[in-house]
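Engineer: Pasting in a structure now, in structure tokens, and then I'll have a few things to ask.
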Amino acid sequence: MTNDLWMQEEKILKFLKGSHQIISGETIAKALNISRVSVWKAIRKLREKGYPIKTTKKGYFLEDKDFFIEEDLNKILEKISLFKKIYLFPETTSTMDIAKSYVERGENAVFLAEKQTKGRGRLGRSWESLRGGLWLTLLLYKPPLNLKEAFFLNYLSSLVTAKAMIETFNLPARLKWPNDVLLFGKKVAGVLLEIKAEVDSLEYALIGIGINVNNPVLEKKFMIPAISIKEAIGQEVDRASLLEKLLINFETLYLKKKEILNLWKEFSETLGKEVKVLTSSSTLIGLALDLDEEGRLLLKTKEGEIIPIFSGDCLHLRT
């Protein structure tokens, strides 16, 4: 697509998003100083991309205005410097896969999708990524961390996701080890970290973040039930403000390892609880005591043994 065509699509989207009634192709053409044929072609392309534009005899109407436009993202970029670009996709398989294909460009970037058809979480589990959620991947190119420090990115990402919900919507978001965000005991968001290392340095890190915002939450048999921000508040919310706060918090706390761990503990729903942890080699039950300096969960068994756990699935047994 040429830049002119892309700009036309963006302008038409903005125009339709700001209207509360059906708008004729002639009105759009005059307002944007383009031909009616150009309007028709742009509308067709936008519908092919998945934008919910309804066509009637009288003109065009957006059935759902909850989507991002480039102007939203450019305003966010003006407030941060860690990420150089936010790439927006109306629909894609997975933002993690897209981000990986951009690594060779050698810069930090954000990849955002309105909908994912093959979204995934930890251990290859599928993650429903319907329109209305916040589905993104952060690409960090050659982050100044060694292999042992990579886990900080996992804690940082879940932390800033929770903080963004608290600061934007005044919601009581809490953190469940190792990478979940909870609202009222239900999962509202999750984090997926993938890295590539050379010797002891990181070539790149991909951080996938999925947040149930305004999207419907499908009933499935997970370890814990799910919830959306819309369900928690009772109405649709502004996703752009949530994304902005998340990225600003990420940049503010990036590489501040001690502060990340301390804040994660402060917002933790896991520490102090009886838990069951499923690792790759065993199942452990005990009291979640603390996180050590290396980010491992310290579990105290009923025999009094303290076991450091680097990764695994965690189930809260009681409050």
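Yeah, the Cβs are placed from backbone N, Cα and C, and that goes for glycine too.
All annotation found in TrEMBL is predicted automatically rather than curated by experts.
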Engineer: Looking at the candidate ranges 25-44, 165-184, 205-224, 245-264, report the one that TrEMBL labels DNA-binding region.
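Structural biologist: Of 25-44, 165-184, 205-224, 245-264, TrEMBL gives DNA-binding region for 25-44.
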Engineer: Could you give me the DSSP helix, strand and coil counts for the DNA-binding region (25-44)?
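Structural biologist: Grouping H, G, I as helix and E, B as strand yields 17 helix, 0 strand, 3 coil.
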Engineer: What parts of the chain pack near the DNA-binding region (25-44), using Cβ distances under 8 Å and only residues at least 6 beyond its ends?
Structural biologist: 5, 8-9, 11-12, 15-16, 53, 55, 59-60
